[in-house]
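Peer 1: I grabbed these lines from TrEMBL:
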type     : residues : note
REGION   : 36-78    : region 'Disordered'
COMPBIAS : 36-45    : compositional bias 'Polar residues'
COMPBIAS : 59-71    : compositional bias 'Low complexity'
REGION   : 92-150   : region 'Disordered'
COMPBIAS : 98-114   : compositional bias 'Polar residues'
COMPBIAS : 119-128  : compositional bias 'Basic residues'
REGION   : 213-250  : region 'Disordered'
COMPBIAS : 228-247  : compositional bias 'Basic and acidic residues'
REGION   : 349-381  : region 'Disordered'
COMPBIAS : 366-376  : compositional bias 'Polar residues'
DOMAIN   : 444-491  : domain 'AWS'
DOMAIN   : 502-618  : domain 'SET'
DOMAIN   : 626-642  : domain 'Post-SET'
REGION   : 641-661  : region 'Disordered'
COMPBIAS : 644-657  : compositional bias 'Basic and acidic residues'
REGION   : 678-799  : region 'Disordered'
COMPBIAS : 697-711  : compositional bias 'Basic and acidic residues'
COMPBIAS : 725-737  : compositional bias 'Basic residues'
COMPBIAS : 790-799  : compositional bias 'Basic residues'
Amino acid sequence: MPAVNSLISKFENITQQEVPASDTQRVRVKRYSMPLRQSTLSFGSSPAMAPKRHSMGGAPSKQAAQAQTPPAEEDDGDTIVVNTTAIETYVRVPLPTPSDSATDVSSQTSSTHAVKSPPRSRSKRVSTLRKSASKDTLKPSPAKAVHADKQRNISGETLVESATMSQTSLLKDGIDALNMTWNMSDVFDKQPVVEETEVHTDDGSTINVVVEEEPEEKKQHRQAKRVRMADSEKQWEQRREAADKNATRRSSKASILVSKASEVVSGITSSVLGKRGRGTALKIPEVTQPEPDRRTSTALEELQPDTKKARIGTARDEVSLAAAGRALRSRAPKDKKWLSSGLYAGQSRTFDPTLMEGKNKRKPASTANQEPSTASLPPKENFVLPLPMFAGDRLLETGRDFKLPFDIFSPLPTGQPKPDEWKKVNKNVFVGDAAAEWRTSKLLEHSTCMCKADTGCDADCLNRYMYYECDDRNCNLSEEQCGNRAFEGLRQRIKKGGKYNIGVEVIKTEDRGYGVRSNRTFEPNQIIVEYTGEIINQEECETRMHTMYKDNECYYLMAFDQNMIIDATRGSMARFVNHCCDPNCRMEKWTVGGKPRMALFAGDRGIMTGEELTYDYNFDPYSQKNVQVCRCGADNCRGVLGPKPKDLPKRDEKEGKLAGAKRKIAEVLEESTNLLNKKRKVNEPPKLPKGWAYIESEPKAKKEPKAKEAKQSASEDGGLSRQPSKLRRMLSHRSNKSAKSSASAKRRSGGRVVSTSSVAALIMNDDDKEEEQSERPATGLNSTAEGLRRLGRSLRGRS
Ligand SMILES: C[S@@+](CC[C@H](N)C(=O)[O-])C[C@H]1O[C@@H](n2cnc3c(N)ncnc32)[C@H](O)[C@@H]1O
């Protein structure tokens, strides 16, 4: 301790008295302040010392100082011997006041610019700017030396405080410093490498930029931080991907938020990782939002990585995150605004939609007390909605009246029962032996229409004529040019999904079980819904009838093709379409891609939204017990679900519909009983009531010889059986001979093939052909009903 005390007293002397400038003394300086910042520990020079130091060839270094300095009298390990000039400089300059120190600390030499810069970040090691004319600046000139005394010799902080600190506290600090284990070599080892580079300024002068190299420890710390940040970002990325995968039905708002937030976050992280300019993230414009959006903040919270340890959240980044959040909130979609008028926009109304119905009604009552003369009577409420604007135009243009969307004007009553025993099958499925028995016609592939692009596959299209759907194999036109791809169009429409595209829905009717109604309008002859189910052969059908369906009231069996039957017990929605004697649709069988398919098409009137869809079953009772009363309610109702007669006897106008129906049921029941009995006994065509024809349906094998006979006879008459290639050969043969056009070829072919929903094929003879030409609708689509009628006529004529 005595040694310490002597040192302290020496030190006090040094601080209180001036040391002669000329003297070079050896002074033992104990470590005074800890730690010394090497960047501020530089040794100044007095003017007196300048020549001498010049001779030494530069600024004094530690080694030089040591070399000049004689060995210390009491040299111990804790002693540093310094050139007394340092002390001289130190003692000659009055200790700076705190206010002085503010500028003094930031200034270096007389030529040093005081750089007013924001507090230096640790990452930025440019510490000072030293302006000089040349690199010789380091050699102090006499002029400069005048100001050299301002140069800081020892740690600035200590000196600044020393002016205000009491001697006792200085002393105490000094003692504390002495007690610390500290080695000067540590300081020099950790001393940052200082690099000086020249920078040319606009005014032509050169600025020497002194760049301190970062200490190793800090480098490591920074490196570790970078690794942490990279890990964190990887985690975020993984979470985002996982969230994307899991989010099956994420709302559009959420996806927007997530993408925006990830953009912001990646911006922040990259600014941190990539060390972009300070405050990059802060450049996000701040938009004030009065109410914080909980959804947005939740989204941001969700986006926070698991590890909050990942030190993204430095103060600066927190600020930028907050700014980003505010920016996000400002971009969050606002509440959707609903149109208040829709179709009726611009039309006056007599009620206030914001009030309850009761209050709207009370309005007139409040005016009732007033004098009739003075009371302004409210306009009389119109209970019938006016037509929307342009309804007249639309009517004129399209010929179709306006109807409110189905879900507004006739929503399904709540609690509508749904068919529970229905297994939906949207594709035909072969069951049992049907698949093996099915014969794929090779001939179909050779049928190609000859339509031109300018007309498309219109009414004269050969494929259309034969109920073949066009595709790339049998039509040379593109999908847009060709107008004969109904099933393909239906497929694409259904694929889009939604009530409107599907176009139909099941309803519960009052007295006919379930039915089907339209969700939209359909053009005349437009495809509506495909009839699909299990395709079974006759044996399978009979087995099912005697077992599974023996107690059924409803059957979903439809004769199909090649003696097969579609059983739609498991089938598409089309199975629920009811029968009507005056239907608005028709069921047609088409060949699509070589396979027969059935679908419901709109009739010639088209379909309005909300209409119940019906077609004429042309029902074959099959057995007496299956004869059912028809409840279609049409004016021309036949009374029973039975085959369609050619010429139904005109009912007596005075006779009611019911009376007529009753009569017909009785007749049908009687005749059908006879029919069944007779059929069992003799292989003769049954006797039907006057004007009725029995229509042969495919499932009945017994009638096959008759059908074959008819086909044969028709072929002999010039009609064609279902042999498209033969038809084409004939067409081309004849067309070569005479007319070139396909239309004339068809006329000359002498007949055509018509597919029907319940009969295999209709072969038309020349007599019928003439009639058909005149009857054929403008669209060229031949209806099943017509086909059936003709077959009926044909069969009746032969029986
Ligand atoms: C293919 S299904 C039609 C869907 C059926 N309504 C249902 O609920 O499943 C045919 C059956 O519907 C009934 N049906 C269809 N049209 C009818 C009509 N116009 N009058 C009476 N019943 C009818 C008959 O029972 C018939 O056997």
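Cβ atoms are placed via backbone N, Cα and C, with glycine included.
Annotations in TrEMBL come from automatic prediction, not curation.
What does the local environment look like for each feature on the list?
Peer 2: With helix defined as DSSP H, G or I and strand as E or B, the domain 'AWS' (444-491) counts 13 helix, 1 strand, 34 coil.
Across all of the domain 'Post-SET' (626-642), the predicted model scores a mean pLDDT of 88.
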Peer 1: Write out how many residues of the domain 'SET' (502-618) are helix, how many strand and how many coil, based on DSSP.
Peer 2: 14 helix, 49 strand, 54 coil
Peer 1: Count the residues of the domain 'Post-SET' (626-642) that DSSP assigns to helix (H, G, I), to strand (E, B) and to coil, and report the three numbers in that order.
Peer 2: 1 helix, 2 strand, 14 coil
Peer 1: What are the DSSP helix, strand and coil residue counts for the region 'Disordered' (213-250)?
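Peer 2: Output for the region 'Disordered' (213-250) reads 31 helix, 0 strand, 7 coil.
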